[in-house]
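Asker: I grabbed these lines from TrEMBL:
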| type | residues | note |
| --- | --- | --- |
| SIGNAL | 1-35 | signal peptide |
| DOMAIN | 52-99 | domain 'FTP' |
| DOMAIN | 193-341 | domain 'Peptidase M4' |
| ACT_SITE | Glu334 | active site |
| DOMAIN | 344-513 | domain 'Peptidase M4 C-terminal' |
| ACT_SITE | His416 | active site, proton donor |
Amino acid sequence: MRHTRIARRPAVAASAATIAAALIAAGFTGAPAQAAGAEDPARALRLGAKEKLVERGTITDEDGTVHTRYERTYAGLPVIGGDVVVEKSADGKVQDVTKATEETIKVPTTEAKVPAPAAGRSAFAAARKSDGAGAFVRTQAPRKVIWAASGKPVLAYESVIGGVQHDGTPSELHVVTDATTGKKLDEYQAIETGSGTGVYNGKVPVNSVKSGGKFYMWDKARGGHVTYHAKNRDGGSSFPAFANSRDVWGNGKQSNGQSAAVDAQYGAAKTWDYYLNVHKRKGIRGNGKAANSFVHFGNNYDNAFWSDECFCMVYGDGKGNKKPLTSLDVAGHEMTHGVTSATARLRYAGESGGLNEATSDIFGTAVEFYARNGKDKGDYLMGERLGKPLRYMDKPSRDGRSADYWSKSVGKLDVHYSSGVANHFFYLLAEGSGKKTINGVAYNSPTWGGKKVRGIGRGAAEKIWYRALTRYMTSTTNFKGARAATLKAARDLYGTKSGQYKSVQAAWDGVNVK
């Protein structure tokens, strides 16, 4: 939201259905990338006659190098897993091309043998099979696509199943079925889980706007971010913006509903500031517009999630509604899902899903260090203020489930556990292997084969990962691809003979990614 007069109050109600009910998948949108008379990028890359590229965004480096992201169509159909990143020098010469798939995009026909309604029924059955305790609804007619995210490209349907997952999290389950055989090809969840006194952050500044005799939690300095009260509901009513007669919010106790809102507003502010001041990124999408926050979502809802559909973070109050999931690193984590969606769009399944989760852990941790909050000091633990840490970056297997090292089966793990490979890499790159104490927390990071890794510092590691994410990763990047992307980023920033470049190599070796 963008407002020009302070007298105008923010929109004080947001539809609960936007968040909790069936979330409709975003359609394939955009215009052909080339302007009149300009070179067709699909032809320049020697793609097939039926293929077109749709520009999704560009980043220009200080030296004039331009990185352009494209989505792909084939005979007018969106290609899932067909995205491309093209790097051009300041004089317009192509320097590098990264494709989500190297397969030739070609299918015998675009006429489906399986009727769309049948594909929808199959997708719905798949949703019930994967989460029998969920309450699902079909939210849109299946759309015809080319599936190219794994293996040989085929004509397929993509169906989106909405409703509610077994734990109360809204569902946006994408199910891909073969349009010729009806066989399920893939499925993934698009919901990524994941002055006032707050529950976790203590007394902190809270930007607000006065309107009609009341103050509203509305941060005009950071794109117009608003924090809303979900009233422990997950649907069926409007959600008001937090309002108060005084510009003093919360008391640090969960019993005061404003306290969790303070944490959410503060977390959003610090995440915005981190991306702006460290990476020169203005907002989640880089367009100066803020995402919004919803707190007190659901009853006994023990989770938090990011939704692209509402462009918002949503926080539950935990078991018994006594432990809101509004800690600083969780806020940074959830908002970073939005950054990933706006850049590489790492698919939320398999190894790319693990990288998606790790990216949120990495920058959630970075935000926590950046904030320098005495009540929540920076560390390499995720969600530690909520109780037992959810994840440990120095040795991910400390949680009993996450992977320390890459293996052929790691992509079969839940994405929150396969993330351990990249989390471990990042810790090694930033801090090095072995024992270390940071802000009073003891770490002891092992390596594959026992070889020592020398850390380059958290700041340099963050810049390398951010550059790799925004310039070189694609929707299907796996851990081997992440190694290549981070090496390119280290090359760009520090050169191939630098200690930073060598440490990137060593850190990936340290987690068995060759």
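The backbone N, Cα and C atoms fix where each Cβ goes, glycine too.
Because TrEMBL annotations are produced automatically, they should be read as predictions rather than curated entries.
Set these features in their place in the structure for me.
Answerer: Averaged across the domain 'FTP' (52-99), pLDDT for the predicted model comes to 95.
With DSSP classes pooled into helix, strand and coil, the tally for the domain 'Peptidase M4' (193-341) is 43 helix, 41 strand, 65 coil.
In the three-state DSSP scheme, His416 (active site, proton donor) is classed as helix.
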Asker: Cα distance, Glu334 (active site) to His416 (active site, proton donor), nearest Å?
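Answerer: For His416 (active site, proton donor) versus Glu334 (active site), the Cα atoms are 13 Å apart.
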